[in-house]
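Contents: one structure, followed by commentary.
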């Protein structure tokens, strides 16, 4: 990751506007390319010509939303665990264990799909048999793609990921042109074909880099027992991201959409949250290019000098630089998020119809934008805690946010439409203040963490 960051940061220092624009565009695609290309593909499928009512589209969208939520919640623990494990093995030169870790993650996810998603669609919904099968295939393919992404990222195969999702998006657009008055099954089948292409390209890319050989590795289970906080943090992270939406779907007294008897969504609230979260991509891209690069460089310099037996004065100075890089990064990114949020709120009045929002939900959009500012900043704090290998502290941060998001959303949903999103806003604000306080406390103990907490020789 660091080499890519350094290359992109060097491009931003070039005197040409083209070089700067390409650097930030590429970083945005690395950060959110899979999400962006998937959304573009879904837009293409939604544009397929249909009758006057297009009554199949709400069912299709509801299935995709449910599958996206389920796939993220089910795969995040596996992605966090396997990504960290594979990264460590690569650092040690143990490349032969990577394909085994991938197979382990896919197998566990398949078991979860069979145990939870398949019975839900087969017995709880009133979909047609072909729609049920296509929906189960869809959740499996989405989850597989989100498991493959971290493996490609660890191997720095960013272009493979972008090509995979880009080709998939184009395939969905082309497929939509062949559909006329499409059924739910045909829409899902086209989407599944796109994700199958994505998964195949990423899998082929991994096999080309690593070879097809798979060496069984008992160390993965040992690693799971020792590093259980990592998958737990992944689960809490995913739940925190989706829990307010799930509660709104089932607890809001109005504006709910119910299809297939049990698939409940809230299109207006979901749309507001989607646009708000999309607004954070520019700032996350800047974080990827500049903040992460400078922070990683300061950490690497500190480790290098420690290996070369630096003096106590130099060690203190280097650790001070690490603290400064982390704190300045948080402050700078928070300021950037505030500026972007203000611009989005001001422009939302002009582009209300283009954003697909009713006037009554413009307040929810503004609330969601402010919440995204706090939430994204909290996740930056989470990133630094994980980078310092402070797993328990990072776990506490994401669990606290998930609990706050659930409880406060339940409180405010009963207050009526005017207060939709306020639970998420308060949870995000409190979560950021809490995570920043935790980070400040741990940064003051950074020398202790370097020499004791994360010192393998004293464990």
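Keep in mind that glycine also has a Cβ here, set from the backbone N, Cα and C atoms.
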### Segment assigned the feature transmembrane segment in TrEMBL (from 21-43, 297-319)
21-43
### Query
Which one of 186-207, 428-449 shows up in TrEMBL as transmembrane segment?
186-207
### Task
With a Cβ cut-off under 8 Å, give me the same-chain residues at least six positions beyond the ends of the transmembrane segment (394-413) that come close to it.
229, 232-233, 236-237, 239-240, 243-244, 247-248, 251-252, 375, 378, 381-382, 385-386, 419-424, 426-428, 430-431, 434-435, 438
